[in-house]
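Here is the structure we will look at.
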């Protein structure tokens, strides 16, 4: 078939055709479509008997994109980007404009992550300031400067009284605002009622905003982010409305006093920013595989601003959420996290010189024997995490299958009301969770007035070291209150995680572990005080110096529970020492994190995020799990042997035949074979692309009839068309001529590795070159679940 381009004649069969582009042999013209498949531009066909609807450079709108709740084809998208890049490099010598265009393409990734880091830092600063201000509204207001929170209000006064005592005259409690005194029964009742009223107001606003404007803004977001980064499409989950409502909603949820944190949702918020800004750069906005490089960097920035831990953020993105993490993505994630942390530090939302959330300063080294209680804390943390995950999953399943799920706002209000009523009487549950964690991490000194620091010490010199001393009665009272707080926080978090408001799990997990750790730490401290001559303590504690630091135990316990809940290890340790500044305590943190993970894995196979991925039926193939079964590809492929496979033929089907096949099947793609008799493979066509191509052909091609032949070849039929015969329709430009194929004897262990490492959407199974069947990602997931004695139908999406 000859074609004429710009007045010159050429043979299209001699053009250099490659997956992703076509070039003319005369002037090396290249045209890249949105699919990365072959197309012609400005081509006029001499043969009147052939219809090609994509002539004159018309691209089919939507080709190459993906349907909602479908899996992307990593290999196709990466190949498209490589072809696009080669074309740009080749054109750089032509003109100054092409040179600038090539330079822009080269640094667009760095510019994109720079913008993501800047925006994420600003948004995080606004969220931190807003959440702090609204949280303090439950207790009172600063009349002189109503936009100040309690801490800032007391800073602005000349009084030396700490704001923690509540005696700052510039800060008025609600009982004082209403004309009552600061203390007394009447003041307590008024404060109690105002606490509940503000909590219900904030929670109702958060739930209503989520329900009306952005249903995807609820929850943590990390399970869905992990699934999206593995190649799954969830339209709107990273959109602008989700970003706005999640940012506002997390401030309201934290301010309501619910047992949740804003740190997990910050990853979702950062990924929303990354998704939106990627559309400024077509290299990333139009290519789903490339976009996930930006999203991985954004996830690192989210953890960086959540905890002030840029290195931990990069490791979190690598270990926990990212599926495809090449070296250049590591560098860009590091840069993005750095920029985000710098911006947040410049905003200084915490009002101190530290960018970390819970800065502590321990001067004493840990002693070797303390590894035993540290590992014990890891074991306890793993047990608490397993109890939480099982209870939360049970409640979430009940919510999905009962009428409770039909009334999300009502559930939020009930949980908020119960939480507020039970939290206020206990001072350790009344304060915000972040304040409680800082209190538990903190080392008791001369100026501390909390009950946890009520030791029988005789300070003669405020500059002297703090000695070991017996605990006073307030310490034991505080420990009982902490036990009650532990039980309350555990139960409250079980019912809170999963309700229809933005809610994170990092801070509640840290709080649970910090409570356990502080209690164990006080116990070890009193043991060292009462029995200093035991061989365990005879070296370091025999001089009655401060050899045991209960705050360190709280830090280790916090890492243990968080590690058990999320199954993080390396990134967890780095986040913890960045979070607290306790670099010298890496070994205790490592020991607790490892013990927690082992116990958690023994009591339950998944962390909370993977468990929620399975609960929602997302097609997530975990790269950390091993496939140890001795099955073959023929055991998994669809259809089974002796069953009919739905295929397209390259040159013998009509438009009516193709449309009938798509109506009778629900497959997401169809193999193209030479003929039904031979079953030799030619390529693969996606259902979406085929639908769009036929729809475009009906609009653009005159004389298209149901009896028109559909050709997936470059050549016209050898016989010239008879008069009155409709012209054939050429659809080779949507054909993937290099699909991934395996033989029917390939071990499934190899197939699963291919799906994980190559990011496959499907693979075709052949035998001696003849097509036998197809294995999709969904087929692999269902087969794995079946072998693990789980319900294979729980995998809901494609």
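FYI, residue positions are counted from 1 along the chain as it appears here.
The backbone N, Cα and C atoms fix where each Cβ goes, and this holds for glycine too.
Pulled from TrEMBL, these are the features on record:
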{"type": "REGION", "residues": "1-26", "note": "region 'Disordered'"}
{"type": "COMPBIAS", "residues": "8-19", "note": "compositional bias 'Polar residues'"}
{"type": "TRANSMEM", "residues": "107-129", "note": "transmembrane segment"}
{"type": "TRANSMEM", "residues": "192-214", "note": "transmembrane segment"}
{"type": "TRANSMEM", "residues": "234-254", "note": "transmembrane segment"}
{"type": "TRANSMEM", "residues": "266-282", "note": "transmembrane segment"}
{"type": "TRANSMEM", "residues": "294-318", "note": "transmembrane segment"}
{"type": "TRANSMEM", "residues": "367-393", "note": "transmembrane segment"}
{"type": "TRANSMEM", "residues": "405-424", "note": "transmembrane segment"}
{"type": "TRANSMEM", "residues": "478-498", "note": "transmembrane segment"}
{"type": "TRANSMEM", "residues": "505-524", "note": "transmembrane segment"}
{"type": "TRANSMEM", "residues": "552-577", "note": "transmembrane segment"}
{"type": "DOMAIN", "residues": "637-701", "note": "domain 'CBS'"}
{"type": "DOMAIN", "residues": "735-792", "note": "domain 'CBS'"}
When you scan the chain for residues with a C-beta under 8 Å from the transmembrane segment (107-129), skipping those not six or more beyond its ends, what do you find? 247, 250-251, 262, 266, 269-270, 273-274, 277-278, 280-281, 283-284, 293-294, 297-298, 301-302, 304-306, 328, 332-333, 335-344, 346-347, 349-350
Who are the chain neighbours of the transmembrane segment (552-577) in space, where the CB to CB distance is under 8 Å and they lie at least 6 residues beyond its ends? 303, 307, 309, 311-313, 315-316, 318-320, 360, 362, 366, 373-374, 377-378, 380-386, 388-389, 437, 440-441, 505-506, 509-518, 520-521, 524, 583, 585-586, 588-590, 592-597, 599-601, 606-610
Any contact between the transmembrane segment (405-424) and the transmembrane segment (192-214), i.e. 3 or more CB pairs below 8 Å with pairs at least 6 residues apart? yes
Which residues of the chain, 6 or more past the ends of the transmembrane segment (505-524), have a CB below 8 A from one of its CBs? 220, 259-264, 306-307, 370, 373, 376-377, 380-381, 384-385, 388, 433-434, 436-437, 440-441, 452, 471, 475, 479, 482-483, 485-486, 489-490, 493, 496-497, 548-562, 565-566, 608
Residues in the domain 'CBS' (637-701) grouped by DSSP into helix, strand and remaining coil: 24 helix, 17 strand, 24 coil
Count the residues of the domain 'CBS' (735-792) that DSSP assigns to helix (H, G, I), to strand (E, B) and to coil, and report the three numbers in that order. 23 helix, 18 strand, 17 coil
Same-chain residues at least 6 beyond the ends of the transmembrane segment (192-214) with a Cβ under 8 Å from one of its Cβ atoms are 134, 137-139, 174, 239, 241-242, 244-246, 248-249, 252-253, 255-258, 408-409, 412-413, 415-417, 419-421, 424, 430, 499-502
Over the domain 'CBS' (637-701), work out the mean pLDDT and round it to an integer. 86
